[in-house]
Structures are given as structure tokens and as C-alpha cells.
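Lifted from TrEMBL, the feature list:
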TRANSMEM  44-65  transmembrane segment
TRANSMEM  120-136  transmembrane segment
TRANSMEM  143-160  transmembrane segment
TRANSMEM  180-201  transmembrane segment
TRANSMEM  221-240  transmembrane segment
TRANSMEM  264-291  transmembrane segment
TRANSMEM  312-332  transmembrane segment
TRANSMEM  338-357  transmembrane segment
TRANSMEM  369-390  transmembrane segment
TRANSMEM  396-414  transmembrane segment
DOMAIN    463-605  domain 'PTS EIIA type-2'
Amino acid sequence: MKLKRELGPGAVFCIATGAMISSGIFVLPGLAHAQAGPGVVFSYVIAGVLTGIGMVSAAELATAMPRAGGDYFFITRALGPLPGSIAGLLNWFALSLKSAFALVGLAAFASIYVDLNPRWTAAALTLVFTAINLTGTRHSSRIQIGLVVGLIALMSYYVARGIPHVRVENVMPLMPYGFRGVIVTAGFVFVAYGGLIKIAVMAEEIRNPSRVIPRAIFSSLLLTVLLYVLMVWVTAGVLADEQLDASLTPIADGARAFLSAPGVAAIGLAACLAFISTANAGILAASRYLFALSRDGLLPAGLSKLTPRTGTPGAALLMTGAFIIGSLFLPLKLLVESASLVILLGFIMSALCVIVLREGRVQNYRPGFRAPFYPWLQITALLCYGFLLFELGREAYLICAVLLLIALVTYHHFGRKQADREYALLHLIERITSKALVTGTLERELKSIIRERDELTADRFDREVGDARVLDIEEEMDYESCFRQTAEQLAPELGIDPQTLFRMLMEREQESSTALTPFLAVPHIVVPGEQRFRMILIRARGGVRFPEREEPIHAVFVLAGTKDERNFHLRALAALAQVVQDRDFEKRWLDARGTEGIRDVVLLARRGRSGN
């Protein structure tokens, strides 16, 4: 039940950009200007910076666990199934309602020119976009690319034509309500960037996620902030305060101030493209929450079934479309406002997840992108988002509480059977209390994700490592004792007397030292017989003392093979050379949990693979 990896950098960039650019720029600027004055441009900048801080953590998590459901998936693996399932359902509600709001806006705009019922029109549009997404992610992403390219071009046209018409008297004083007004308004417009999290939701369908996800996130955010700031500045400069503050169509009103009728129509087209792209991307992303929750057993199994022809989660898409249609006939104002609260909670959860996963020292947590300035960036994010949450109205908290109750009831019916799932918080508690709480299931799941993400096809070296014996020695010893233990372990597998094998290892060491670095030794010998090759991995925490080495060796890889295995013997040595060149090898080797953890250090290392 895995989704196809069909999305490249352009599609991911356009999905994120299209998800952000909508009512946040075509509806909110007038309302925001009434709270902050011309300084609203700084509100958009601050909100963008805070979004970027939150997305740094989200990018790390999405590259470590590129799975459908995004923040739901990594919250479950970090904090447990209850917080994860609640977060997943809340985000499904938020994305679905944001799509519904965009569709209502689109239908209302269309009703100006054509006599149609806005809500029934929005319902029909929902069916259209659901059908498009059912045809496959590739088709949906192609449409999204076209929408976003057209949208960016029209927004740039608005800015270029409007800048010469900006009047200084309209933008002075810059902050009539003080800097606090600017800060509070930043929380108000924060929802304008909420669509960016959809990149994490689509991570399972992104090719080369370690590279594409962070680049798409930050390039999309940078362009969107720039367009927002310039468009809001132009609009504030061409409209008087009393006209802008009361407007629910500020960009259209601004266009009428300096563009001819064709230009105004072009900006109207831009608004339509924005609503369409947001609705399309929202349906696409929201359905992946249901898919991921179902795949983990937290919702009915039917929601994770993929359509055979297109590989899309058909049942999840249909349920999302049905929910959006139902919500079109409900009062949406408070529900849409609660989306900001849900988005902020999601960013808070992301920052907490990074802290828990790192401090829990989960060995196979290996993000392709690591958040800089840890943990100060995460602490800053928690403080800033806490302040913005404090500024939100009580109505948003009430709606969120109702949605939370629905999520808890759903978890009670479907999710309790997953309560024994291992998660990173248990690793952190185990580290603090020294009590054995983890079983290794999380490490095995993360190992599987890394193999798929990095396209690590198992070759013979991997199979030999998987079959190899692993010795984990705590005390310090000399190399003779180490070789004696090695001979006792390997001799039965090679069909050689232990004493003979011990003598061969000693003779090889006396010829030339096999201690290659102050940390590593690779004793390797040729044994009699045919078609035999064996390895043994030794971690010596206390160290093994080799001749002519002042410091004890902590990693010993012993290779023994017959003459006809000479070629593979050399390939195995080359593979080990690549494994130990990893800059984190020594730390991972000493920190690995148990024999499977030691084996994983070698199996998950980046190296060339022969494919056999």
C-alpha cells in the first residue's frame, strides 16, 4: 500500500506555492490593514519568518520519514499514536475546510459574472477536483504547475504596474497602531502560509525527498513572502485607508485604481487561479491524512486502499470530497479561523518531535536535512508560537475543542489497538530512567524507510553483514583474546579447527598490523576450502589493544574467505572502507543499541552497491 513516487522539484514547489497563495492575499490584506496600517507588510514578513522557523523542523522530519500523512506520521513515531492520530484528524479537518473556503470564494467570485448559487457551484467544483485527483497524482500535479505559473505571472504583473502608482501619503505613518499591532496582525495572517505544510503530507510521493523537500519548502516560502509583501505594499499605496480597511476584495480594488478593464479582468483571473490551486492542493493533501491513519490501523482499513489503475487512495479522496461538500452548507467563519490554531499546534508538535527524536538518541533517525542551531531554533519556535496562540480568540479554541473531541472518539473506537506502538518518547524516557521500555520496532521501521528513501538495494555485502555474527564486548582486552573469541565463533561456520583459525589470525597480524586507524582494525585471512566467506563484527567499548597502537581499537571487522572468493573479499574490503569514511561512523558505532543496532550502522551506511 505504498504510493508512487511521481513528484519532482517543479511539481512539489507548485503544490506548496499554490496551497499558500489564496485568501491569504486576495481577502485578508484589507482586514489586516485595519489592525496594523501600512505596517501590515511587516506582519506578512514576520509571519513568513515564523513559518520558516517551523518548517525547518518539519523539513528535518519529512526527510527522515517521507511518508504520507506528514506531521501525523512523524508525530505518531515521536510522541505516540494518541497525539499522532489527533494531529492527523485535526489537520485533515483544517485542510478540508480551507479547501471548502477557497471553493466558496471561487464560486462567489464567479457568481458576480454568472447568476449561480455559490454553494451549489462550490459543490460541483469539489466533485470536479476530486475526480481530477482520482486520475492520479501526476495529472493533478501537472494541472497544479500550470495554475501556479499563471498565478505568479499575473501577481508579478500587478506589482510591476502598481509600484509607480504608490502614493507616499497612503503609506504614512507606517505603524499607526504601534509595533504591537504589527505583531498581533502577524498571528492573524499566519494562516496565509499554512499551505506550506502540504509538502510534508505529500513526502511519500516525492522523488529524492532528502534533496527536493528542503529546497522546495524554502524556495516556495521565499517567493511567496516576496509576492505577498510587494502586493500588500502596492495595494496599501494605491488605496486610501478607509477604502482598504473595509474591503474583502483588496487586490481587485487595488487593480481598479491603476489598471484598465483588461488588467482588472487579469487580476480577477489570478484570484480564480489562486482559489482553484488551493482547493486542488488541499483535496490532494487532506486525503493523505486519512490514507496514513487507515494504513496504521487508526481508521477503517478501506481508506488506505489504492485504486489499481492510478495508485491513488480513492476511498480517502471520496471521503474528503464528501466532507468538503457537507461543510459548504455550514457556517464556515469560525471553522476557517480555527485553521490558524491547528497550523500553529502542528508547528509546535514538529519542534517537540525533533527534540524528542534527537534526545531519545534513536539510532536509525537519519534525516536527509538536519535543522541548524539545534535546540535553540526549536525553543525559539515554541516561545513564538505560544505567544501567537495566546493572541487567538476564544471562538477558535471552542471550535478546536469540538474537533479534538471528535478525534478522541475516533481514536477510542479505532486506535486503541495501536497503543502498544513503539515511539521515540519511550527511548527518551528509557534514557532518563534506565528502564528497558523499547523493543526495537521503531528502529526497524525507520531502517525500512531509510532503505526506500535512499534506494538502498541489498547486495551480497549486505546479505553477508545480515548473516554475520556480532560481538559486543564491554571490557578492555588484548588482540590475542579478541582473536581467540573470534576463532571460536567463526570456526564452526568455516569447517576449521578453532586453534588453527586462531593461529592463522595471529600469523596475519604478525605479518603487518591490521589496525588501520586509531579506531578501526580489519583482520582478513584466506582459509582452505571452496565457496566459503564469513564475517564477524566486533564492537569493543573498552577497546582492543593491538601492537604498535597506543590507543585501543573499538571497531574490529574480521573477514575470512577461501581463494575462490578473492574477488568478493576485495569488494567487501572496499565496501567497509566506504562505511567507515562516514563522518558519524565512530559515534554511531559506539552509541548503537545492541547487536542489531551495530549491524544497522553498517547496513545503512552510504556506499556504492554492486546490485548482486
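Backbone N, Cα and C atoms are what each Cβ position is placed from, and that goes for glycine too.
The transmembrane segment (120-136) makes contact with the transmembrane segment (312-332): 3 or more of their CB pairs lie within 8 A, with pairs spaced 6 or more apart in sequence. Per-residue pLDDT, averaged along the domain 'PTS EIIA type-2' (463-605), amounts to 92 for this model. Among the listed stretches 44-65, 221-240, 264-291, 312-332, 369-390, the one sharing the most Cβ pairs under 8 Å with the transmembrane segment (180-201) is 44-65. Within its own chain, the transmembrane segment (338-357) is flanked in space by residues 51, 54-55, 57-58, 60-61, 64, 71, 74-75, 78-79, 83, 87, 90-91, 93-94, 97-98, 187-188, 190-191, 194, 197, 365, 371, 374-375, 378-379, 381-382, 385-386, 388-389, 392, 395-397, 399-400, 403, 424-425, 428, which lie at least six positions past its ends and keep a Cβ under 8 Å from the stretch. Sequence-remote contacts of a segment are chain residues at least 6 beyond its ends whose Cβ falls under 8 Å from one of its Cβ atoms, and for the transmembrane segment (44-65) they are 32, 71, 73-74, 77-78, 182-183, 186-187, 189-190, 192-193, 196-197, 199-200, 203, 209-210, 213-214, 217-218, 221, 224-225, 228-229, 232, 347, 350-351, 353-354, 357, 365-372, 377-378, 380-381, 384-385, 388, 446, 449, 453. Across the domain 'PTS EIIA type-2' (463-605), the DSSP tally of helix, strand and coil residues reads 70 helix, 35 strand, 38 coil.
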